[in-house]
Every structure is written in C-alpha cells, then in structure tokens.
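Okay, structure first, notes after.
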Amino acid sequence: MFRLWLLLAGLCGLLASRPGFQNSLLQIVIPEKIQTNTNDSSEIEYEQISYIIPIDEKLYTVHLKQRYFLADNFMIYLYNQGSMNTYSSDIQTQCYYQGNIEGYPDSMVTLSTCSGLRGILQFENVSYGIEPLESAVEFQHVLYKLKNEDNDIAIFIDRSLKEQPMDDNIFISEKSEPAVPDLFPLYLEMHIVVDKTLYDYWGSDSMIVTNKVIEIVGLANSMFTQFKVTIVLSSLELWSDENKISTVGEADELLQKFLEWKQSYLNLRPHDIAYLLIYMDYPRYLGAVFPGTMCITRYSAGVALYPKEITLEAFAVIVTQMLALSLGISYDDPKKCQCSESTCIMNPEVVQSNGVKTFSSCSLRSFQNFISNVGVKCLQNKPQMQKKSPKPVCGNGRLEGNEICDCGTEAQCGPASCCDFRTCVLKDGAKCYKGLCCKDCQILQSGVECRPKAHPECDIAENCNGTSPECGPDITLINGLSCKNNKFICYDGDCHDLDARCESVFGKGSRNAPFACYEEIQSQSDRFGNCGRDRNNKYVFCGWRNLICGRLVCTYPTRKPFHQENGDVIYAFVRDSVCITVDYKLPRTVPDPLAVKNGSQCDIGRVCVNRECVESRIIKASAHVCSQQCSGHGVCDSRNKCHCSPGYKPPNCQIRSKGFSIFPEEDMGSIMERASGKTENTWLLGFLIALPILIVTTAIVLARKQLKKWFAKEEEFPSSESKSEGSTQTYASQSSSEGSTQTYASQTRSESSSQADTSKSKSEDSAEAYTSRSKSQDSTQTQSSSN
C-alpha cells in the first residue's frame, strides 16, 4: 500500500489575490567574460568559465563549471493539429553551468550561456535573476532581485490510497539512524510534460517553454548536488495544441489520470519518472506524488501545479520537494532538523524564502536509509550526457585540442604555408598563420588598414594593432547619425535606403513600394509577406503599424517578367502600381535576403528596429546625448565611446594631441558636419544676419562720400539734377481647386520710376510664367516665355 502526498497551497500565502512574488530593483548590466580553462586534460572546451557581473554598482566574480543534465538524445515532442513532431538538432546540451560567487562560499549560481546569460544568482538570503536584454546591440542583460512577500505559502498533507492507518509520520527528527553506506553518483532521468494551459501561459513559444523547463531542472540539480544526484532531462513533451488528458480536478485525481496515460504512451521513451506540469490560477494543491516509489514504474510519476504569481525559483523548489519525496526523503520538523543555510529544502516554509537552500541532516539520513533499504537500481545507469570531441588529429584542417594551427594535408597546406602540416605548430620564424593582420607569416604593423569601411558615412575602418594577427572587432559609428544628406540615419554601420535596395534587386527604376502594396502582400502572413517565423515555424503577422518592417516590397518598372533562379516571384497590382517581391526558397537557418533591415525608414520620423516601426527621434537623441561627452571634437561609436577629431585624443576628446587622429581628416570633417547639424545651422543663421548689416553699413559709407561730392558740385551747378535707375520686382502665387499658377515678373526702365508710375511693360519688357496644374489622375506642366 502506498500513500499519496499532496502539496497544499496556503490560503493566506501563495494563492492570495495580491501578487506574492515580485521582481524588483531592475538593472541593466553588461557581464564581462573571463576565460579560465584550467583543466588542460579535459576534452571539453570552456569547461570552466568566469564572469564579472555588476550588482548594485559593485562587481562580483562568478565562477562556473559546466554541468551536463540534458541527455545527448534529448528530444522535444511537439503537437501541431493532432500530429506529433520531434526536434533535437536545435537543442544545445553543453551550455549549462553551475558555480558560486567569489568571496561568498555559501552562494549558488545556475546559468545557461546558450544565448547570453540566463538563470539565477543566489546569495545566502537574497536571489537575483538575470536574462539577456532583447534587441540589445551590446552584451546587455536585465538583472532583477527576486522578492517574495507571502507567508505560509505551502504545507504538505497526505492521503492514503487505502483506508488502512499508516505508522509513518510526515515529519522526521534528527534521531540516531542505523549506519548506511556512503553516497554514490545517481542519475534520475525525467520525462516532463507541459500541458496546454502552462504552454500558453509561458508564451506559446516552444523554445521559450523549453528554456523555462531546462532552467527549472537546472535549479533542481543545484539543490540535489549534495546528494550526488543528477536530474537528467531525457525528453520534453509539449501539449501545444490540446491536452491529452482532462486537467480538471484536484492534484491527486490528475495524478491518477496521468499515470494511466503514462503507462499507455510513455513505454518507449526512456525515463525513471514522468512529471506533468499544469497551470492553474489558484489551485488548492500544488502537487501530488507517491513517496518512496522512485523505481516502481507503476507509481513513478508526479503532477506539479504552477499557480499564478510564482517565480521559476519557487516552482523549482516545489519540484525538488516532490522529487525528494519520491526518493524517500520526508518533510522536516523545523524544530529538530538543521541545515547549513537559513532555510532547509524540506522545510514547510521554504517556498516563501529566497537565497541558497540545502537539504538538512534529517533529509540526508532519510535518503541514505531509502537507498540502503529500498534500493535505487534504476538510478545507477549513467546516460550519455556529453558529446565528447574526438582526439585531436593533425592534418584534418580543424583546430583541435592544443594545436596551434592546422592547415590540412601537405597538399592543402602548400610550401608557402606558415603552419607545419606534420606537427600543427608554426614554422620557424613564423609569427602567425592566418588573420587579416597576418601577411607572409608576420603580423602587420600598427596602423595598417585591415577592414575598410562598409559604408562611407556610417562605418569606421579598422587598423591592425601590431601585436595580433586578427583585425579586431568590427566597430561602426553609433546608430542615429544622419546620412545621405540627412534623409536617413546610420544603423549597424550602414545607411539603409529602401529605394536603392529595390533598384539593386529588381533593376533600374525600381523603388520602394507604396504602403498599399505592403498592405496587400504583408497582410497574407505567408512566405511572401511576413515578419519572420516563430519557434513553431509559423509565419508571424507584422501588424498594421509594422507592415513595412517585414519583407521588402518594390515597384516593378518594366513589362519584362522578373526571373529569379531558385525563387518564386509574386506580383500585385495595387491601384496604379505594379508591386513585386521574391521568396528565395532558402533553409530556415539562412537569413531572408529580402528582410527589411534595422534602420530602414518605415514612416515619417520612424525606422524599423527588430521588425517594429519605432520613432527615430529616440535613436537620434541617444546618439546626440552620447556624442556630448566628446566635447564637440568627436562622435560616439557603437561601443558608446568617443572617436576624436584630428588633434584630440580619447576618452573625451578634451586633451589635444599633436598629430593624433582616429579618423582621416577628410572623413572626420564630414562626420562632425553630420553630427553637429545645429552648429552648422547657427553659423548659417549668423551669416545671413550679418550680411545685410554689412551691406547697409557699406552703403551708408558710400552714400556719405557721394553726398559730399554732390554738395560740392551743387555749388558749381545748382540746377543740375541726378537721376537714378529704378527697378520693380513682383512675385505672385495663385492657387485653386483645379491647379496652381505661379508668375514672376521683372521690369527695368531707363527712366526713373515712382510709386505713382502706372506705365505697363512693352516690347522691351520681359516676363516669364510657369504654370502647373494637377488633378487626381494626371498632371500637366507648361512653361512659357515672351519677350
């Protein structure tokens, strides 16, 4: 007979209507990676790594060691319209790490490095979450403090499967136990199922859901480390379209249903225990499991309910407690059981606490008793969890192990190679064997250009530093600087002009299509018009505001059909425009050549960023604010650091340096001109104001001289008169509903003119008229001239 234990949610705690778990103290940080591969005998690259992570303006060094808890044959089972699909090749199994924080021996860190850093940093009594900042240009991450304000979150209750009384107690004390053997490594293989509601709650994205499950398993592993138990995630099943069993009822009822389904459908999938994760807003129980039944196939299962307003850290504790129950570990008596940390894992109040958690001595004795008396043979087989690279082979063209170079076979290397094909080390006298700054086996001198500008207005040419054969990182000017006569902005080192791009793809005369064409093609959300694919390989609709930020649509200027090898062409006749786009039939892993690039103009004052049409003023303002630190003698680059004008040097371009120049002088002039448009306008305005004043002043001086001469002559010729030529200029503009007419006339006469002069121009007078008339469907322009 077995007893069913349930994890009961406290009414005044986790399931209260107010949020209980909160993420606070949001920080944007840039972790700095430190290479520390100290294990030279290991065949696994980057087995040990370290990061410097700023928290609250203080730097912490995190030391990590690679952990393997994903099986090499790890599979994801996903459902789409009733049919099941499997995925495995896209899952990375060697980017999960655990470790601690330097100077804090009781700390615990669990991180994934697959795509940025994602995981939890736990100090003694406080925890921080970290994850990559989406759409960030640099290695920026969001760091936040995990905070829980609830009390009495959860307690365990038990239900007997039969109505017979049971002797055992839910709590155990630290009494003397019989001698048990030392612990030895055990491997618990899990098959986890995520129901439809939790799949949707986590975003309906298979990759996001997978990462969350992996993070939960990683946190559980960090807690089971002291027992030498590795929780191996052997497979993951996502009920993405519908639940395969009813999820209505209490946790114990759901467990019975899940066991029946498990026995029918999971026989061929290797696992020691199967778990069903279900989302419920406010469940009465948080889980159900049969204690002490780990290696009994009929009962090796559990159901864990994910309630509203809970963190992954807290849910990982719930899963850990349930796994511990299956391994015969009882719930602690807080009065009698102690652990090295402030809160023990099997403590009734552990879910409401933050920071590092460990098993108590009571849990250790209970676990030792279980493996000694009951046995855990099913956990003794070690699954393959790391794909070890083969031993280095010199001459295969791949850099492996301790090889300095590997150019391939003797024929492939050739006599001019800098690498010895026999030993895979550099030849005598050689300083390098490849790289943009390596020529004739020698490192090029400092200042030699190794990477020219990709765009003359938005990129920076990189030079060799004289010590490395590599060219160094590709640095561009900061996003937001104006380019192409202030029509566009620089973004990622380029000035994206959709008209020019259309012309390069579809030929001369092609232009970016009007919005109506984008609306016609992009609204279909198919292979011709979309904003990419989601994790389920479905096309994403752009949304009305973002239609131009999906795939490029152009006008087609000729009647000759456009031919694209290995591509399908679609035309759309919208109003008076012929629109065109192409699907290149490329693999999903290859970027779409017609995807609209970041920084492309999508509306007046707006540009595309990550397939969203956003205001460009924010990007421009960011560039302006950054460049203010350059003291007016430089602009910012993509690292938010100053590149200085000739004669000034970093970091703030304040100090003069004779002969120092980051940019060529002619380039820096144009850059500064674009970066300081306000300065240019100020000079122009000053010039326009000063010019009339100068003219008037000159005229007054000349007039005074002329008057002196006139009075002098008047004494001699009192009856003489002086006449001057006069001129009249008129500009007239007249508009109506049908069109507009603009006329400019100029008259010059040999005789003096006055305000009362009413004479009209004759044959010697000239007039020019320009007439423009436009209608809804056509336009006519006429220019006439008469003499």
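Yeah, the Cβs are placed from backbone N, Cα and C, and that goes for glycine too.
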Bond partner of CYS644 - disulfide, per Swiss-Prot - picked from CYS636, CYS653: CYS653
According to Swiss-Prot, the disulfide-paired cysteine of CYS339 among CYS344, CYS362: CYS344
Swiss-Prot annotation, disulfide partner among CYS450, CYS458, CYS490, CYS495 for CYS471: CYS450
Partner cysteine of CYS626 (disulphide bond, per Swiss-Prot) from CYS613, CYS636: CYS636
Candidate nearest CYS471 (disulfide bond) in space, where candidates are the disulfide-bonded residues CYS337, CYS630, CYS642 and distance is Cα-Cα: CYS642
Candidate recorded positions CYS295, ASN465, ASN598, CYS644, CYS653, pick with smallest Cα gap to CYS339 (disulfide bond): CYS295
Listed in sequence order, residues with CB under 8 A of ASN465 (N-linked glycosylation site) and six or more positions away: CYS437, SER446, GLY472
Disulfide-bonded residues near CYS630 (disulfide bond) (Cα-Cα within 10 Å), from CYS337, CYS450, CYS636: CYS636
Mean of the pLDDT scores, which run from 0 to 100, over the domain 'EGF-like' (622-654): 87
CYS362, CYS450, CYS626 as disulfide-bonded residues, winner by CB count within 10 A: CYS362
The domain 'Disintegrin' (391-479), counted residue by residue under DSSP: helix, strand, coil: 4 helix, 14 strand, 71 coil
CYS337 (disulfide bond) and CYS344 (disulfide bond), distance between Cα atoms, whole Å: 8
From disulfide-bonded residues CYS450, CYS626, CYS644, CYS653, the one whose Cα lies nearest CYS362 (disulfide bond): CYS626
Integer Cα-Cα distance in angstrom, CYS642 (disulfide bond) to CYS295 (disulfide bond): 63
